[in-house]
Amino acid sequence: MAGGAAVSNNPEASAYSHLIDSSPWWKKQRVLLLNAWIVVLLITSSTNGYDGSMMNGLQSLSQWNSAFNYPTGGQLGLLNAIQNIGSLCAYPFSPYVADYFGGRFAVGWGACLMASATIIQTASQNVNMFIGARWLIGFGLTFAANGAPLLITEVAYPSQRGQATSLYNSLWFLGSIIAAWTTFGTFNIPTSWSWRIPSAIQGLPSVIQLCLLWFVPESPRWLVSKGREEEALKTLAYYHANGNEEDPLVEYEFQEIKAAIALDREVKDNVGWLSLFKTPGNRRRVRIIVALAFFSQWSGNGLTSYFTNPTTQLLINGLLNIYNFCIAMVASVLCDKAGRRLLFITSTVGVSSSFPDPRYLPRLALTRAGNMFSGMLIFWTLQTVCFALYSEYDLTARDKSCTMVSLRAVDRSKVAHSPIMQLAFTPLIVTYTVEILPYSLRSKGFTMFNFVLSLSLIFNQYVNPIALQALGWKYYIVYICWIAFEMVFVFFFIVETKNRTLEETAALFDGDDSVAAIAHPAAEIAEGPKPGDVRVDGEKKESSSAVDEVELTKV
């Protein structure tokens, strides 16, 4: 098929790379403007990160505990889980809102609900009012979190799509950092404003979105799917080619979008939930999406703890968020250069070097291992051995001190292990999920990802404490086996997707014919006009002679 030229087997050389404007980024004014609107969408993730960190901070405030009669047990558990419960309640509706009304409406509707909920939360007079507000925050967040990353990946400039979408999940840490320092700053306020101020600030991102969302462009893919092709072409031209609708890059994108959506309509009678399982390609997608959702939460990040005093632990947790944020941001920017597959493999089995502590090397070899290696698999094996030694043997005081040295080494390796995980399992899980899904199933597939993510979080919250109490250090062996499985899965099933358009990436899972069918119309544009071909009013026609060609060109 002729489409082969458009989709190279070598991801380093994309078919559209020569169509990209090579001028410096600061001279691309429309692209800069587009990125400014993308930032408006990116802050949705910060709202999510803010909420979790804020609740952790509020529980340490005596003013908050006093206002709600010192909640404990089931009530305290409900306060922590109710936002997630609200999110679960919205999952059946969020993909339909995004598909029918568009991503921009979904983000705006979610922001409206969250802004209203934060007003209720800030004004809460009793614990039930506070719980209800947090449920509404979670309900609204699902709509915004479903629409925002889809809209980002569908409007971004082609060469910046991977980085822009990867930044979405990375900004979770930014919200968490802001919340942590906000609650720390209001700690000494003697009145209820010590917890009302952080609650009110939680609504600020939603207010910003409601004010600026009107300027954010709608997805060209959604516009084409609704028959509004002229608007889609103008949007692509305005932001990707300074308004030139005949720019080769714009024509390439536009033709691919039309071909992909036409193919979806042709091969699928419906796009219901069962469509996710009807074809081999879709089943491959679902397998990867479900795996990534579980891997992101079941790689030990919900189980580790520190063996230091509480003050030092708070300091490590606070600084580690900043450290993780920096690592995730760097990985987001480099995702197209390094490649998704390499980052996933490195994150799963990667090794990071740090300097060993020479004072303890003669006393315990595990200390050196704890300092030298921080891949997830190696880290968990080391930590399990340390816990087993400390738990199973009646050690002398000297031996115990040696074992605690190894446990402190685990603390230090945790500081390295967590950023290793951020190389892929923070920035790329959203990016990879949305780019491998075809447009018709993108919203539903992403909703499935978020649903599985919520299930894995519930497991961490409720099962891990019970299992640790029952099995002790032996429970860590479960995670060693699980991380080994992650390593094997990533190696065999993660496909490299860098340097491809969104349509070409999604079609990779449906076979070469689907890729060619989508890329063929765009390939002709990418290759340029052939001898004997001319364009009249944007249409390519074949001339019968050189005279005809001259005459048509003059016209």
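Note: Cβ is positioned from N, Cα and C throughout, glycine not excepted.
Record features, source TrEMBL:
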| type | residues | note |
| --- | --- | --- |
| COMPBIAS | 530-543 | compositional bias 'Basic and acidic residues' |
| DOMAIN | 37-498 | domain 'Major facilitator superfamily (MFS) profile' |
| REGION | 526-555 | region 'Disordered' |
| TRANSMEM | 31-50 | transmembrane segment |
| TRANSMEM | 105-123 | transmembrane segment |
| TRANSMEM | 135-157 | transmembrane segment |
| TRANSMEM | 169-189 | transmembrane segment |
| TRANSMEM | 288-308 | transmembrane segment |
| TRANSMEM | 314-335 | transmembrane segment |
| TRANSMEM | 369-390 | transmembrane segment |
| TRANSMEM | 420-439 | transmembrane segment |
| TRANSMEM | 446-463 | transmembrane segment |
| TRANSMEM | 475-495 | transmembrane segment |
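Sequence-distant contacts of the transmembrane segment (446-463) (same chain, at least 6 residues past either end, Cβ-Cβ under 8 Å): 80-81, 84, 87-88, 91, 94-95, 142, 145-146, 149-150, 276, 286, 289-290, 292-294, 296-298, 302-303, 429-430, 433-434, 437. This prediction places the mean pLDDT of the domain 'Major facilitator superfamily (MFS) profile' (37-498) at 80. Here the transmembrane segment (31-50) has Cβ contacts under 8 Å with residues 25, 107, 110-111, 114, 141, 144-145, 148-149, 151-152, 155-157, 160, 164, 167-176, 178-179, 201-202, 205-206, 208-209, 212-213, 215-217, 239-240 of the same chain, all six or more residues outside its ends. Note on the transmembrane segment (135-157): residues 28, 31, 34-35, 37-38, 41-42, 44-45, 47-48, 51, 82-91, 93-95, 97-98, 102-107, 109-114, 116-118, 120-121, 164-165, 168-169, 202, 206, 209, 216-222, 235, 239-240, 430-431, 434-435, 442-443, 446-447, 450, 502 of its chain, located 6 or more positions outside it, place their CB under 8 angstroms from a CB of the stretch.
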